[in-house]
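**Student:** Pasting the relevant annotations from TrEMBL:
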| type | residues | note |
| --- | --- | --- |
| TRANSMEM | 30-50 | transmembrane segment |
| BINDING | K67, V68, K69, T186, N293, F294, R295, K313 | ATP binding site |
| DISULFID | C116-C165 | disulfide bond |
| DISULFID | C126-C149 | disulfide bond |
| DISULFID | C132-C159 | disulfide bond |
| CARBOHYD | N184 | N-linked glycosylation site |
| DISULFID | C217-C227 | disulfide bond |
| DISULFID | C261-C270 | disulfide bond |
| TRANSMEM | 339-361 | transmembrane segment |
Amino acid sequence: MAACCGAVRGFLFEYDTPRIVLIRSRKVGLINRAVQLAILAYVIGWVFLWEKGYQETDSVVSSVTTKVKGVTMTNTSTLGSRIWDVADYVIPPQEKNAVFVMTNMIFTLNQSQSHCPELPDDNTECNNNSSCVPGYVSTHSNGIQTGACIPYNSSIKTCEVFAWCPVEDDYHIPNPAFLQGAENFTILVKNNIWYPKFNFSKRNILPTFSSSYLKNCIYDAQTDPFCPIFRLGKIVEAAGQNFQEMAVEGGVMGLQINWDCNLDRAASHCVPKYSFRRLDNKDSANTISPGYNFRFAKYYKDSSGIETRTLIKAYGIRLDIIVFGKAGKFDVIPTMINIGSGLALFGVATVLCDIVVLYCMKKRYFYREKKYKYVEDYELGTSET
């Protein structure tokens with residue numbers, strides 16, 4: 001009886017629950033290994049070799065100063081022969097990470113505060129005093145209307161204004177540009193960078209430079225890629241623009257300095273890379289308010305003691321110096337984190353393999369039927385025992 005019960009217990013132990021048998025084929029094994037190899041290639045090739053996942057990184061901290069040099073000469077009926085140097089065309093003398101070089105201008109000489117006719121347009125032309133409103137001023141007015149209608153020239157009358165007279169007439173921009181020689185002006189860009197996490201600092205005037213080299217070099221992407229002195233015309237040309245066209249109405253250029261440094265290598269390998277582009281939108285289909293310009297004035301008193309000024313509407317090229325970069329250096333913590341993440345990805349291989357086999361392959365229905373084999377459950381009663 002004991003032997004019989006033992007046999008029964010053994011029989012029940014073997015067949016009392018359903019069993020799930022995983023069917024693996026050779027093709028499934030190959031897919032699984034292929035997925036694992038792909039993950040291994042991703043971790044080693046992309047994470048560690050390309051993205052340098054074994055390094056700690058830091059962003060650059062930077063300061064920039066500029067110095068412009070160059071002299072040109074103009075000869076006009078208004079000003080006669082005149083020499084233009086840095087103090088005349090760099091306005092203001094210093095800016096934060098930028099420099100402006102005046103290339104074109106409209107002069108309005110000997111202005112003083114008095115009464116004069118406004119520039120003619122749809123709102124200022126008049127036939128009599130009733131068309132002019134005392135005290136009226138609009139966004140584009142040069143002064144405040146007095147209420148009088150006076151001759152602007154022999155054929156047109158405009159409303160009189162109290163303003164700096166004579167008022168500026170900027171309808172016609174000089175073309176070609178007033179300072180065509182600005183193309184040959186040079187700009188020295190001094191850039192100091194610091195990576196605080198690694199206490200690493202450097203500047204774009206490299207230790208290998210001598211004073212004689214710095215006085216004579218001009219940046220060239222092929223022959224002199226590390227010289228920090230740039231010719232203004234070459235900057236515009238490198239951005240795919242025409243300097244003489246841009247000089248007429250002005251524009252905004254960007255000088256980009258990239259400091260991507262691998263600090264696991266020698267410090268001499270950490271060098272700047274320069275690139276250039278035009279930042280303002282130059283669209284031939286959109287000609288409204290193009291270029292870059294602003295106004296400034298030079299004040300003085302005439303022989304009779306009346307305050308007088310020369311108004312200048314300046315067009316020119318604004319150069320923004322944009323510094324960016326990232327430094328990396330070996331560190332145990334990011335290395336271990338990326339190794340752990342890579343190992344965890346191997347657990348995904350089986351899941352990806354199942355998705356490919358069950359949903360992407362042509363024989364997916366066959367694999368879906370054969371993936372699991374169900375064994376019927378036999379319940380044995382007492383009578384059968």
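The count begins at 1 with the first shown residue.
Note that Cβ sites are derived from N, Cα and C of the backbone, with glycine treated the same way.
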**Student:** Of all the recorded positions given, V68, C159, C165, C217, F294, which residue's CB has the most CB neighbours within 10 A?
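**Tutor:** That would be C159, with the most Cβ atoms nearby.
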**Student:** Long-range neighbours only, meaning 6 or more apart in sequence with Cβ under 8 Å: which ones does C116 (disulfide bond) have?
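**Tutor:** When sequence neighbours closer than 6 are ignored, C116 (disulfide bond) has G143, E160, V161, A163, C165, P166, V167 within Cβ distance under 8 Å.
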**Student:** Measuring Cα to Cα, how many angstrom lie between C270 (disulfide bond) and C126 (disulfide bond)?
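**Tutor:** Pair distance, Cα basis, whole Å: 68 Å.
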**Student:** What is the total of other Cβ atoms whose distance to the Cβ of K67 (ATP binding site) is within 10 Å?
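**Tutor:** Within a 10 Å radius of the Cβ of K67 (ATP binding site) lie 14 other Cβ atoms.
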**Student:** Using a 10 Å radius around each Cβ and counting other Cβ atoms from all shown chains, which of the binding-site residues K69, R295, K313 yields the largest count?
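**Tutor:** Result of the Cβ crowding comparison: K313.
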**Student:** Write down the Cα-Cα distance for K313 (ATP binding site) and C159 (disulfide bond), rounded and given in Å.
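**Tutor:** Approximately 24 Å lies between the Cα of C159 (disulfide bond) and that of K313 (ATP binding site).
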**Student:** Give me the CA-CA distance between C227 (disulfide bond) and T186 (ATP binding site), in Å, as a whole number.
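**Tutor:** With distance taken Cα to Cα, T186 (ATP binding site) is 12 Å from C227 (disulfide bond).
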**Student:** Distance check, please: Cα of N293 (ATP binding site) against Cα of the residue listed as 'N-linked glycosylation site', rounded to an integer number of angstrom.
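**Tutor:** Counting only the Cα atoms, the answer is 21 Å.
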**Student:** Around C132 (disulfide bond), which of the listed recorded positions (K67, K69, N184, F294, R295) come within 10 Å, judging by Cα atoms?
**Tutor:** none
**Student:** Closest to R295 (ATP binding site): which of the recorded positions C126, C149, N184, C261, going by Cα position?
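**Tutor:** Considering only the listed recorded positions, the nearest one is N184.
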**Student:** Roughly how wide, in whole Å, is the group K67, V68, K69, T186, N293, F294, R295, K313 that binds ATP, by largest Cα to Cα distance?
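**Tutor:** Of all Cα pairs among the recorded ATP binders, the widest measures 24 Å.
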**Student:** Specify the nearest of the recorded positions V68, T186, C217, C261, K313 to C126 (disulfide bond), where nearness means the distance between Cα atoms.
**Tutor:** K313
